[in-house]
Amino acid sequence: MAKVSDLALLLVAGMAISLYIQETGAVKFDIKNQCGYTVWAAGLPGGGQQLTQGQTWTVNLAAGTQSARFWGRTGCSFDASGKGTCQTGDCGGQLSCTVSGAVPATLAEYTQSDQDYYDVSLVDGFNIPLSINPTNAQCTAPACKADVNAVCPAELKVDGGCKSACAAFQTDQYCCTGTYANSCPATNYSMIFKNQCPQAYSYPKDDTATFACPSGTDYSIVFCP
């Protein structure tokens, strides 16, 4: 029969393992605004926060959170209750987002599996420059630092942003759906985004733009890196 002291040690060890799993499963994101203008940061999960130049918003993802996305909104106006509108990235007229943002918006995407997977995505278009910076120095820090709006074709341009061809035209060729679901090459439109931001997803099948890092890594997301 196990002694009381042995049982106590087993209990302490079990608690330590449980705490370790919880700690390594939780992830912290520091969202920083380095733009020369106000950005209303958004996250699913997380909600939203107004960030003036130099401000940081911290989002702690609970252990077991499988995916998240973050983006910046511009040209926003909210009342005291948190209701309003944004020129780009609007999420149903709410300061604290519970739904995805309207296109176009530059996205930081995160998925947790056997390790962390993350990417900067222009699949929904572009509104502001963005980077993802892991705390693990061995991991890649992808960024889209260029002002894609400056080279946006007229047919993709909207106030404050540049739509992707998929968002603008909604065709199988540009969205990699239907007959293009299994074989979907880059297009002249996606190459505009890729040439400006080589590390970012430029269209739905641009899988070379996914990066991986060991689980337990924290991240900072920087607007206007």
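Note that Cβ sites are derived from N, Cα and C of the backbone, with glycine treated the same way.
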**Request:** With C213 as one half of a disulfide in Swiss-Prot, pick the other half from C91, C97, C139, C144.
**Result:** C139
**Request:** Using the record from Swiss-Prot, pick out the residue from C144, C162 that is joined to C152 by a disulfide.
**Result:** C162
**Request:** Would you mind checking which of C91, C97, C184, C197 shares a disulfide with C144 in Swiss-Prot?
**Result:** C197
**Request:** Return the single candidate from C175, C176 listed in Swiss-Prot as disulfide-linked to C184.
**Result:** C176
**Prompt:** By a simple count, how many Cβ atoms lie within 10 Å of the Cβ of C184 (disulfide bond), its own Cβ left out?
**Reply:** 20
**Cα separation, C86 (disulfide bond) to C213 (disulfide bond) (Å, whole number)** = 33
**Prompt:** In whole Å, how far is C97 (disulfide bond) from C86 (disulfide bond) when you measure between their Cα atoms?
**Reply:** 12
